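So the structure is just underneath, and the comments pick up after that.
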Amino acid sequence: MPVSDSGFDNSSKTMKDDTIPTEDYEEITKESEMGDATKITSKIDANVIEKKDTDSENNITIAQDDEKVSWLQRVVEFFEVKNDSTDLADHKPENPIRTFKDLQESLRSTYLYNTDLRPVEAKRRTWTWKQYIFFWISGSFNVNTWQISATGLQLGLNWWQTWICIWVGYTFVAFFLILGSKVGNNYHISFPISSRVSFGIYFSIWIVINRVVMACVWNSTLAYIGSQCVQLMLKAIFGTNLNTRIKDTIKNPNLTNFEFMCFMVFWVACLPFLWFPPDKLRHIFALKSAITPFAAFGFLIWTLCKAKGHLALGSLNDNGGAISKTVLAWSVIRAIMSALDNFSTLILNAPDFTRFGKTYKSSVYSQLIALPVCYAIISLIGILSVSAAYTLYGVNYWSPLDILNRYLDNYTSGNRAGVFLISFIFAFDQLGANLSGNSIPAGTDLTALLPKFINIRRGSYICALISLAICPWDLLSSSSKFTTALAAYAVFLSAIAGVISADYFIVRKGYVNIFHCYTDKPGSYYMYNKYGTNWRAVVAYIFGIAPNFAGFLGSVGVSVPIGAMKVYYLNYFVGYLLAALSYCILVYFYPIKGIPGDAKITDRKWLEEWVEVEEFGTEREAFEEYGGVSTGYEKIRYI
């Protein structure tokens, strides 16, 4: 059979050396293909099984991760504060929180910027000079002011010497408060934000914590004064022997079961008012301003009538007027400083209420005049009341509530009605003072620290809970202890205020770029370093505290030289001025950035300006995304 050139025959598949029939070849090929297919299928099946096992394991891992995410997400969503802002820029979708690292990042971003900390836009800046005058009228008429004024009498001063000290002290207060309030008035930012400028984005947390602690202490203190009003109200109704009728199991020389019960009554009565936002409480403050002056003047007239117009116009200490000039001089200094110590917290957080000023001048002249006048008047009422009561009872009462308690010795219907009515108004006054001066500021500051989980309402309730852990009955057991406590707090706060004022007025010439206050990018003016800390401010802060610290130890019972105590009596001036001077010296040798034209500390320039922040949320978003901190976007907006 011939063989084709290709080596294959058409009728049978044959090679030149071997011949294989077509049928056998097809069968062999088929079997070979089937074998290969079986092997491939087996491998595929094995891979599929292996993949299924791997997917199953992955699914279990993913399911476990999802369970963790769901648990963490549910906890975060349950506790986080809901954003009720009407600005669309404030409702930017947030990345889901899958891990604790995501939570940390979320806490960081909300700390830097949130709706409670944004600058106040024009529609919310409604305070005119009238509102600031009414604010200080309302703030001055409270029992605490009377107690501060009585401190001078107990130090050995007579009534007119004490009153002069009150005028001088609160004039200094007004001056320092105006200095502290300028940044809020012009840039419409709160104290937690303004403190970032001087101390750094992150070290300002410590500064805000100082303010929170003070707010909690004062909240507890005023709550206890309010509870003393409740005591008088109950005594006027049920009799003056409630302390003995109610079994005493506390065994504290400064507290009985009855007094603690009254403290809890007042504390619980304050809680419902913490639920409402600050703008809803304006009616409470308006009512307080309207009725408290009538109660104060009514009490003065009642006391003068009981004393038949006779006043103990000399000093109220045991030595009468027989005190040396040196002792008199230091008594005057301590009486003046008591006013500054009393205001150390409000001086610090003045931007919290001046940021609502309608115009540049709304908060300046009104406060400069109204504050010392209002406090001098109410202090005079306290001085005259204490002096009149001294002619009646021959006892040094430093609180008007102690005088009202003595009125109940003559348990007539008229005395009972008068004591109940005045005590009720004083209790309401303490409630309003606590809300405006402590609960709301504490809530604001706590919001700045942890805004994702704390708003003003929650912060106010936290402040109320902390106040229970403080023992104000020991703090208020005497005027000397009260004054000592005030001085102790001022040691720390005066140094903070000194640094902030020096930074704003001398170093920065009144210039603040508010965009940089809300970012922690490396180029931010107020980051200073990777830790967000201005070390110059920290060192100056420590220098301001150091001279007063020995006297502070002496005030709590440690034996220290008399010179240290005299420095301590001047604690606010010493801490404020030394911290400010130290900061200026450090900045002179180690300049900071963020001042237009690289102005030096010795240059005669003033760069302060009135800033409009109507679209701040949108502008900040653009600044963060496009402008960064170095492209000059802020110059377009501010310079």
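Glycine is no exception: its Cβ is also placed from the backbone N, Cα and C atoms.
Just so it is clear, the model here is predicted, and its values are computed rather than measured.
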Decide, relying only on Swiss-Prot, whether Asn243 and Leu450 lie on the same side of the membrane.
yes
Sort out the residues at least 6 away from either end of the topological domain 'Cytoplasmic' (226-259), same chain, that have Cβ-Cβ distances under 8 Å to it, and list them.
143, 265-267, 270, 399, 401, 404-405, 408-409, 411, 416-417, 419-420, 423-424, 426-427, 430-431, 434, 471, 473-474, 477
Based on Cβ pairs under 8 Å, which of the stretches 163-180, 201-225, 417-435, 484-507, 538-562 lies most in contact with the transmembrane segment (461-477)?
201-225
Other than its close neighbours in sequence, what residues sit by the topological domain 'Extracellular' (181-200), given a CB gap under 8 Å and a spacing of at least six beyond its ends?
117, 119-121, 125, 206-208, 211, 348-355, 357, 360, 362-364, 367, 444-445, 448-449, 496, 499-500, 503-505, 508, 510, 512, 514, 517-518, 526-529, 531-534, 537-538, 541, 608-611, 613
Selected stretch (most C-beta pairs under 8 A with the transmembrane segment (573-590)) from 163-180, 284-305, 368-392, 484-507, 538-562
484-507
At a C-beta cut-off of under 8 Å, are there same-chain residues at least 6 beyond the topological domain 'Cytoplasmic' (508-537) that contact it? List them, or none.
108, 112-113, 117, 119, 182-183, 186-187, 189, 193-194, 196-203, 499, 583, 586-587, 590, 592-596, 599, 603, 605-609, 611, 613, 616, 619-620, 623-624, 627-630, 633-634, 637-638
Does the transmembrane segment (284-305) come close to the transmembrane segment (368-392), meaning at least 3 CB pairs under 8 Å for residues 6 or more apart?
yes
Using Cβ atoms and a strict cutoff of less than 8 Å, what residues sit near the transmembrane segment (484-507) while being 6 or more residues removed from its termini?
176, 179-180, 182-183, 194-195, 197-199, 207, 210-211, 214, 217, 337-338, 340-342, 344-345, 347-348, 475, 537, 540-545, 548-549, 552, 555-556, 568-569, 571-581, 583-584, 587, 592, 595, 601
Between 0 and 100, where does the mean pLDDT of the topological domain 'Extracellular' (563-572) sit?
89
Return yes if the transmembrane segment (417-435) and the transmembrane segment (260-276) have at least 3 CB pairs under 8 Å (sequence gap of 6 or more), otherwise no.
yes
